[in-house]
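Peer 1: Below are the structure tokens for one structure; questions will follow.
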2 protein chains.
Amino acid sequence: MADPLKLGLAGIGTVGTGLVQLIAARADTLAARTGRPIEIVAVSARNRRKKRGADVSKMRFVSDPVALANDPEIDVFVELIGGEEGAAKEAVEAALQAGKHVVTANKALLAHHGPALAALAEKNGVALNFEGAVAGGIPVVKAMREGLQGNDITRVFGILNGTCNYILTKMEREGRDFADVLKEAQEQGYAEADPTFDVGGFDTAHKLSLLTSLAFGTRPGSTAVYVEGIETITPTDIEAATDLGYRIKLLGVALRTDSGIEQRVHPTMVPKDTAIANVDGVSNCVAIDGDFIGDVMLIGPGAGGGPTASAVMSDIIDIARGIVLRPFGVKATNLKAYKKAAMRTHEGGYYIRLSVYDRTGAFAAIAQRMAMQNISLESIVQRRPSDERPGQGKTPRKKGAPQASIVMVTHETTEAAVRKALAAIQKDGHVDSKPQMIRIEKL
Amino acid sequence: MADPLKLGLAGIGTVGTGLVQLIAARADTLAARTGRPIEIVAVSARNRRKKRGADVSKMRFVSDPVALANDPEIDVFVELIGGEEGAAKEAVEAALQAGKHVVTANKALLAHHGPALAALAEKNGVALNFEGAVAGGIPVVKAMREGLQGNDITRVFGILNGTCNYILTKMEREGRDFADVLKEAQEQGYAEADPTFDVGGFDTAHKLSLLTSLAFGTRPGSTAVYVEGIETITPTDIEAATDLGYRIKLLGVALRTDSGIEQRVHPTMVPKDTAIANVDGVSNCVAIDGDFIGDVMLIGPGAGGGPTASAVMSDIIDIARGIVLRPFGVKATNLKAYKKAAMRTHEGGYYIRLSVYDRTGAFAAIAQRMAMQNISLESIVQRRPSDERPGQGKTPRKKGAPQASIVMVTHETTEAAVRKALAAIQKDGHVDSKPQMIRIEKL
């Protein structure tokens with residue numbers, strides 16, 4: 001049996017605790033599978049004495065993560081501190097410079113400094129593995145960096161945020177509204193006290209930018225992602241989607257187009273009878289379209305201590321087996337500049353819901369505005385307000401007050417056309433609020 | 001740039017043609033991604049001059065695949081001949097003995113001779129990669145051998161045969177019967193002239209036995225798989241499943257139990273609102289339950305030239321990058337003997353459909369037989385024969401003739417109990433044909 005592979009672990013939160021548990025539970029198996037024992041020899045954490053679900057009392061404690069990264073005893077520095085700057089970045093740089101392999105689950109760090117860190121790793125002939133940084137336990141980095149490398153990828157997309165998917169699933173199943181479900185999710189620990197990063201789509205954008213780099217060999221461009229969150233989705237939208245044969249999911253989508261790469265995060269309608277529409281609750285998924293393989297999808301837990309520890313472990317196992325690959329699959333200095341496709345050139349179908357004043361001619365005026373932008377409609381339905389179901393009697397109506405939702409589904413058109421049409425409709429004064437617009441993804 | 005990696009390709013059918021096309025289309029990218037050019041230098045095929053979708057005229061032709069395997073110019077022998085014995089086996093053995101890496105998509109060869117060939121590969125320090133042998137393009141071997149190696153796996157299962165899934169999907173969508181859809185699938189090339197290997201479940205069993213080995217570190221035991229095909233599934237079953245909230249899929253399932261490993265292939269009911277229930281047409285999927293990761297699923301094309309070539313290519317890319325792993329993840333000589341769990345100890349819910357004579361007391365007698373085996377029922381419904389829909393009037397009934405289907409869904413019970421109950425029911429003479437029994441998989 002070869003010498004042990006010695007790990008220094010910085011950050012013992014949920015994922016760190018999971019990793020300590022995994023290595024403790026599986027020492028013999030890991031040694032048999034990799035040909036060498038794997039040991040955590042030293043740890044670093046903000047609070048040494050915090051109560052944890054795993055025993056780290058026998059491991060050497062190093063209070064400064066940078067000192068741990070430089071520790072002569074360790075072969076691999078495992079960074080589970082988090083954050084794009086500060087201790088995480090300094091320690092990872094120090095470890096790579098000291099010729100140590102790095103395993104990290106830090107998506108923010110990679111999304112912002114990925115190419116520079118990868119170049120540093122390559123220069124020093126060490127690994128910089130980040131399976132845990134995207135979609136938790138799902139082995140998608142390995143699939144893209146290794147399994148699908150024979151393919152030219154045209155699109156990568158998925159459900160990348162468990163909090164949003166949990167909220168949308170609950171809203172659909174229980175007919176409840178966003179604020180209500182969010183509040184419950186916060187109480188149950190499925191959503192943060194400040195939920196903006198998750199429900200606003202920004203977490204999805206970070207993860208998407210890493211998938212984009214792996215798919216297209218470009219430098220991560222997380223600031224170039226068009227982002228919409230799920231805050232505006234109403235029970236009426238979900239109900240209309242169901243009637244139309246769709247479900248609403250927050251997707252991150254990266255698509256190669258003639259004018260560049262379209263990166264977008266937004267609520268999306270997907271046909272109900274597809275696998276992706278049935279990825280529910282906190283689960284995540286990543287779908288990849290390649291020219292030889294066709295369409296592949298990976299589904300699994302997108303977060304959590306156990307799943308992410310499983311991903312981090314697979315990165316460590318690769319190192320124990322002597323596998324050291326370029327972090328992004330290609331030479332870091334050869335990563336291409338990210339060329340953004342403008343959102344207004346996006347092509348697809350659209351779901352549009354308008355809250356319309358009940359005036360003569362309003363319907364005709366709206367249809368006219370769509371036609372002027374050459375938008376052809378697949379369907380147009382006037383819906384009852386969602387609190388007024390058949391058989392429950394009618395609320396008395398006031399002339400001129402908002403009365404009904406008009407739901408339209410367009411054939412394929414462009415974002416620019418839809419925006420122009422909706423701006424004109426709003427200007428005409430027939431609607432009482434900002435139109436709702438949800439993109440439909442081709443599957 | 002390092003020296004080229006030189007391939008000898010034996011077998012230029014659909015997958016071989018796909019591989020030649022892929023390497024021709026992507027020479028520069030592959031070199032950039034692996035750090036060395038990848039070239040097919042010699043080929044072997046039964047018919048040299050056959051018209052193909054790829055140009056092999058510039059490649060050296062070696063009529064004997066064993067001679068190609070021994071060819072001093074090649075680094076990697078790519079076996080796409082097929083078959084568990086004969087040329088494929090001889091050539092693979094020769095290549096491994098000559099210290100050449102082997103890439104194969106031959107599931108029969110691996111299912112029957114996997115451990116011996118893996119031991120030979122390990123002895124000679126070369127790779128024996130077989131991503132293309134299971135689930136076509138889906139990178140599941142890599143996921144199991146590398147991505148999920150930190151996990152203790154409790155179950156692996158999936159839709160592993162595209163022909164069966166295509167037929168079941170068509171039957172459901174179009175309300176047609178098995179024979180009818182099979183005939184059409186044969187005409188369209190989705191099913192073989194002799195469909196038994198596919199529709200009888202045997203192809204699924206082969207693939208399952210490889211997944212079982214990867215999941216549990218056991219020697220493949222393809223003869224120890226309990227196999228039922230989809231031939232007995234009727235439109236009535238599919239309709240009843242829909243009403244009960246299920247879809248019917250042919251699954252291969254390997255489950256670790258206290259008494260051994262349960263390996264079974266049979267039509268299975270899965271809840272309609274799950275991702276696996278929505279894997280349709282010729283698509284395949286593999287689901288893996290691990291202790292740290294939880295439940296993961298991979299979906300994609302399970303066959304075809306392009307997808308399988310993508311899988312074969314990823315095996316070649318690994319070799320070009322210097323990655324040589326043990327074929328089954330652990331030392332081949334350490335693969336454990338396969339210990340079979342008896343099918344009668346299988347636990348789960350069951351769907352049972354009986355074609356019952358309309359006699360006083362029949363219903364009570366049936367319920368009594370179930371109760372005697374301590375089987376508790378979740379539901380019991382008397383269904384109209386499927387050609388007699390509400391509002392279409394009634395067919396005149398004859399006393400004593402088969403009149404109706406009784407559909408029962410049981411709570412969790414054992415296979416032994418269900419079989420005993422059904423045998424007693426048949427013996428009682430209340431049913432006019434063999435009871436239909438479809439297992440329900442817990443997801």
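Note: Cβ is positioned from N, Cα and C throughout, glycine not excepted.
Remember, TrEMBL labels are computer predictions, not curated facts.
Just lifted these from TrEMBL, have a look:
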- B:Lys207: active site, proton donor (ACT_SITE)
- B:Glu192: L-homoserine binding site (BINDING)
- B:351-439: domain 'ACT' (DOMAIN)
- B:382-404: region 'Disordered' (REGION)
Peer 1: How many Å separate the Cα atoms of the residue listed as 'L-homoserine binding site' and the residue listed as 'active site, proton donor'?
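Peer 2: That separation, Cα to Cα, works out to 18 Å.
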Peer 1: So, in DSSP terms, is B:Glu192 (L-homoserine binding site) helix, strand, or coil?
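Peer 2: Note: B:Glu192 (L-homoserine binding site) is coil by DSSP, not helix or strand.
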Peer 1: Average the per-residue pLDDT over the domain 'ACT' (B:351-439) and send me the rounded value.
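Peer 2: Summing pLDDT over the domain 'ACT' (B:351-439) and dividing by its length gives 84.
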Peer 1: If you count Cβ atoms within 10 Å of the Cβ of B:Lys207 (active site, proton donor), leaving out that atom itself, what do you get?
Peer 2: 26
Peer 1: How many other Cβ atoms are found within 10 Å of the Cβ atom of the residue listed as 'L-homoserine binding site', counting all protein chains shown?
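Peer 2: By my count, 14.
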